[in-house]
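Trainee: OK, Swiss-Prot features for this one:
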BINDING   Glu176, Arg220, Ser370, Arg374  L-aspartate binding site
BINDING   Arg220, Ala221, Glu222, Arg228, His229, Leu230, Glu367, Gly415, Cys416, Glu417, Arg418  ATP binding site
BINDING   Glu367  Mg(2+) 3 binding site
REGION    198-201  region 'Aspartate'
SITE      Pro91  site 'Important for tRNA non-discrimination'
Amino acid sequence: MSLANLRTHYTAEVKPESVDNGQKITLAGWIHEVRDLGGICFVVLRDREGKAQVTLVKKKIDKELFDAARRLIRESVISVTGSVKFEEKAPNGYELLPEEIKVLNVAGSPLPMDTTGKVEAELDTRLDSRFIDLRRAETTAVFKIRHEALQAIREYFVKNKFIETATPKVVATATEGGTALFPITYFDREAFLNQSPQLFKQILMGGGFDRVFEIGPIFRAEEHDTRRHLNEATSIDVEVSFADHFDVMEILENLVAHIYTRVIENCKASLEILGVELKVPKTPFLKLTYDEVIEIVNSRCEEKMHWGDDLGTLGEHTVGNYVYETTGESHYFIIDWPTEIKPFYAMPYEDRPEFSKSFDMMHRTMELSSGAQRIHISELLKSRIESQGLNPDGFEFYLKAFEYGMPPHAGWGMGCERFVMTMLGTENIRDTVLFPRDRRRLSP
């Protein structure tokens with residue numbers, strides 16, 4: 001028997017415009033629920049696309065088939081062949097009248113957690129039994145939307161003449177200095193998991209690639225234990241030659257609007273499952289200077305922000321609420337950050353070097369992206385590396401690219417999980433990644 005015979009349709013594909021009433025089809029999936037009412041038995045089959053009701057009337061079908069259906073165990077895997085009967089009251093608007101039910105695998109009992117939504121489970125319980133949690137409609141919906149967002153990102157970049165790249169994740173030195181690195185043994189040497197593709201993106205600008213993007217993992221050995229931090233995340237990175245920070249901000253805000261548009265158009269069922277209503281953010285996004293942000297925070301908070309401070313969680317919420325109250329929008333930029341609190345490669349303004357040509361793209365609740373025009377002048381770059389207490393010798397492979405014709409360039413990086421989290425309003429970032437890695441979780 002060919003496994004292809006185990007399914008002819010997904011549950012959501014059975015519609016009057018594509019399937020005839022009475023047509024024989026085969027569905028395959030998991031047993032979501034069995035309801036035995038004596039003379040009639042309902043088996044709810046669930047697959048990736050939704051649910052279908054299999055209806056067995058005792059007087060109308062083979063007794064052996066009816067009795068077997070009553071004994072089915074939830075979450076077992078089955079394949080059901082039968083005829084379609086369109087029925088408005090049934091899930092998805094039809095029911096399947098079975099001729100054959102094949103049990104492909106029997107689920108153990110009791111289940112480690114409920115999949116129907118009748119019994120809530122804590123996040124740690126769900127993650128410990130992720131194989132079951134992924135069967136929940138709400139969990140599936142999040143990852144369908146994440147998939148659509150990533151497809152939209154690639155579509156946008158390809159349309160705008162970007163080249164997709166893949167840079168090393170095992171490196172000999174820190175991308176941005178600091179100690180937030182995971183050391184590994186690389187044969188007889190120490191190496192690290194990469195924090196960011198930043199240095200390699202810039203080398204590609206020197207190589208003439210002009211416009212690049214990457215979607216890939218990054219690793220941060222930070223001991224944060226919050227609802228919005230991960231130690232392994234997916235970063236969406238961009239670098240553009242012959243561009244400044246305003247140019248790449250425009251690319252970023254248009255990308256955000258494009259993602260929202262695609263998700264709204266193509267993920268209606270998943271959004272409905274999650275109870276989320278989206279609107280496309282208006283562009284261009286509001287731009288606030290760092291100095292303006294200080295004024296907003298200090299006018300609304302008892303705890304004052306001083307020049308040179310980073311924007312903490314309270315400040316992010318304060319400014320985010322201000323922007324939402326004044327514009328009705330959740331996304332905005334903070335520009336012109338102090339040079340000393342940005343990475344060494346951020347370009348200072350020529351006429352006021354204490355400020356950098358840098359930005360953060362913010363959501364009402366948190367930072368989503370950081371970017372800047374980069375330093376493309378070799379001597380200035382070396383000076384900035386030294387000013388941050390780093391040794392230029394450790395960046396020789398990177399600095400060499402700036403000695404032989406590096407164009408002006410700019411770029412940014414954005415966390416995929418944070419983006420999905422803020423778009424869907426999920427409470428915890430771990431809900432937006434299949435198998436999260438944080439300081440306490442290394443399995444599954």
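Cβ atoms are placed via backbone N, Cα and C, with glycine included.
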Trainee: How do the residues of the region 'Aspartate' (198-201) split into helix, strand and coil according to DSSP?
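Mentor: Counting residues per DSSP class in the region 'Aspartate' (198-201), I get 4 helix, 0 strand, 0 coil.
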Trainee: Near the region 'Aspartate' (198-201), which same-chain residues lie under 8 Å Cβ to Cβ, leaving out any that are not at least 6 residues past its ends?
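Mentor: Same-chain contacts beyond the ends: 165, 167-168, 175-176, 212, 214, 237-239, 343, 345, 395, 398, 411, 413.
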Trainee: Could you please provide the mean pLDDT value for the region 'Aspartate' (198-201)?
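Mentor: Overall, the region 'Aspartate' (198-201) comes to a mean pLDDT of 97.
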Trainee: Please identify which of Pro91, His229, Glu367, Cys416 has the densest Cβ environment, defined as other Cβ atoms within 10 Å, among these recorded positions.
Mentor: Cys416
Trainee: Would you mind listing, in sequence order, the residues at least six apart from Ser370 (L-aspartate binding site) in the same chain with a Cβ closer than 8 Å to its Cβ?
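Mentor: Looking at Cβ-Cβ distances below 8 Å from Ser370 (L-aspartate binding site), excluding near sequence neighbours, one finds Ser358, Phe359, Asp360, Met361, Trp412, Gly413.
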Trainee: Sorry to bug you, but what's the C-alpha spacing from Pro91 (site 'Important for tRNA non-discrimination') to Cys416 (ATP binding site), rounded to the closest Å?
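Mentor: Just about 33 Å between their Cα atoms.
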Trainee: Which one is it: of the binding-site residues Arg220, Glu222, Glu367, whose Cα lies the shortest distance from the Cα of Pro91 (site 'Important for tRNA non-discrimination')?
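Mentor: Ranked by Cα distance from Pro91 (site 'Important for tRNA non-discrimination'), first place goes to Glu367.
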Trainee: Three-state secondary structure of Arg374 (L-aspartate binding site) from DSSP?
Mentor: strand
Trainee: Which is it, of Arg220, Arg374: the one of these binding-site residues whose Cβ has the most other Cβ atoms within 10 Å?
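Mentor: Answer returned by the neighbour count: Arg374.
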